[in-house]
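One structure is given here, and the rest of the page talks about it.
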Amino acid sequence: MSSGLDCGAIHLQSRYSGSSSGTLPLAGLFFLTVCLQIKVPPRAEEITIPADVTPERVPTLPLILVGNKSDLVEYSSMETILPIMNQYTAIETCVECSAKNLKNISELFYYAQKAVLHPTGPLYCPEEKEMKPACIKALTRIFRISDQDNDGTLSDAELNFFQRICFNTPLAPQALEDVKNVVRKNLSDGVAANGLTLKGFLFLHTLFIQRGRHETTWTVLRRFGYDDDLELTPEYLFPPLKIPSDCTTELNHHVYLFLQSTFDKHDLDRDCALSPDELKDLFKVFPYIPWGPDVNNTVCTNERGWITYQGFLSQWTLTTYLDVQRCLEYLGYLGYSILTEQESQASAITVTRDKKIDLQKKQTQRNVFRCNVIGMKGCGKSGVLQALLGRNLMRQRQIRAEHKSYYAMNTVYVYGQEKYLLLHDVSESEFLTDAETICDAVCLVYDVSNPKSFEYCARIFKQHFVDSRIPCLVVAAKSDLHEVKQEYSISPADFCKKHKMPPPQAFTCNTVDIPSKDIFVKVTTMAMYPHARLRCMCACNRCTFCICQNFLNSDLLQSVKNKLFTAVLNRLRLHIDELGAMLLADEESSIIHQVHAVSSVEDSIFMESSLDPHLLEDRHVTQADLKSSTFWLRASFGATVFAVLGFAMYRALLKQR
């Protein structure tokens, strides 16, 4: 055996032997081997390079400079090699080894694997001795996500949380102080208010890379979803999520709490609204600005046009309902799965059950309902959408045409429950597409001042919704103007009565204050209970009369009442039969006693005739009361039964609500 392992032996072992499992991860890795004390031949063997092998087709791979046969010399050549490493930036590491005495052999393959799994090239620029822009951008995003109170520093608690989610172990208090002391010695503004600043955070990772611990930086990057090119992976941004047909997607309670904390984190002035600067600060963890100016006309804003807390949640709910994949992407940028320690963003989504099941069970568990607003152009559909956001006609006139939105979402309270109502302005057309007919309720809007406006609503209703189970509500918009007769065969009121719909609801947004939201409460109620035909001549749908009337006329209440009557009467029938038998037995016994008492009565006629007349009258009254005791007993029993039924119905309705 030779005293050392030459270059050819290393090459053959890595390519052909297959005996060492340590060489398997080294696919595509070149070893640049420097043989010490070996004479180089004056002429190398002739090598033909294929024509398709060009510099642009050869990927940049990590290199390891290996000094072999180090057992033949008594000194180190590292000082001579360092200038070569500085000249060729692709060289990851320089190792001196010896196959004879096994010096640094395991270290050689360790650094080879490390060069493949944790390359330095994407992170660090040796010429400038600083991290590359892509690495700085990724680590900056990670710092902003980890800074949960948005104060510009990582506190001890935040550093411990960061350490735990990345390395599964917390830092001891003394270790935290040691880290901050290292930063203080090298960077004046690396620590502020006893917290690690962004500059200090970047300095630590630069120090790790310079000392050959770049696997630490890679562990952090990959925990936050980055690949080898420092791009967020599709698996991180778009986790698998199965959505059956006729089902919708909503956010669950946990993600609403996360969004609430995110809003509070960036609402620095605590005015319950995000200013343009605060919104820009929130989107710094995004590669682009996800919301355009039309969002301000889709959800609630304050008087200055800033998105409020309710509008913030509504926009996220809208995105989840319309495009759940985009919602998953946005939550990934915010680091939802990391901060909440969930497997992926898919845990934030609730997939509702099939709508057909809701109709069969006559109840729903959904919290978001979609209503398509249909009508002729200029009939006032935009006014209806903006009225949902609490904007009157004066505020609507300030909206620029290019910022117009065809959606509006806000919360509506129905029987004390908070629900989200999504309004969609459907463009005027002769026929609606299948996508435009998929909704939970329909608003047919016509202009009371335009005689040709209602005809379009009636035609669309007959084409798409007359045989549908989707509830429809006719809205008489611009009710503040003079009402004219509609050019249709029957009036809108008769049309609604004919098709068993609620009467036309008068609506106007030309008000001094916030427009009325009665029609939104009513359409949401219809979407929640599509099986119930709600009819109420009062248009408010908010007073006690309207609420009671809607419930009393609903099919749900009738069904519950019938089932309760059947169940209670079946249980009481046996007791009623037993009670009737007892009463009959009492009557028979009383007749027998009366027959036996005839003789005694005849004997006492003389005595009774001698009694006082007043006493006789009292006695006859007492006997009448005794004869009617059966009637009063039955009446009391009936009243008790009806009281029990009424209480059971009340409990059932209370549970249903």
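Glycine residues also receive a Cβ, built from the backbone N, Cα and C atoms like all the rest.
Curation does not apply to TrEMBL; its annotations are automatic.
Counting only same-chain residues 6+ beyond the ends of the domain 'EF-hand' (254-289), those with a CB under 8 A from a CB of the stretch are 141, 144-145, 148-150, 301-302, 304, 306-309, 312-313, 316, 330-331, 333-336, 339-340, 347-348. Annotated domain 'EF-hand' per TrEMBL: 254-289, in sequence order.
Annotated domain 'Miro' per TrEMBL: 366-529, in sequence order.
The transmembrane segment feature in TrEMBL is assigned to 631-653.
On the 0 to 100 pLDDT scale, the domain 'Miro' (366-529) averages 93 in the predicted structure. Across the domain 'EF-hand' (254-289), DSSP helix (H, G, I), strand (E, B) and coil residues number 23 helix, 2 strand, 11 coil.
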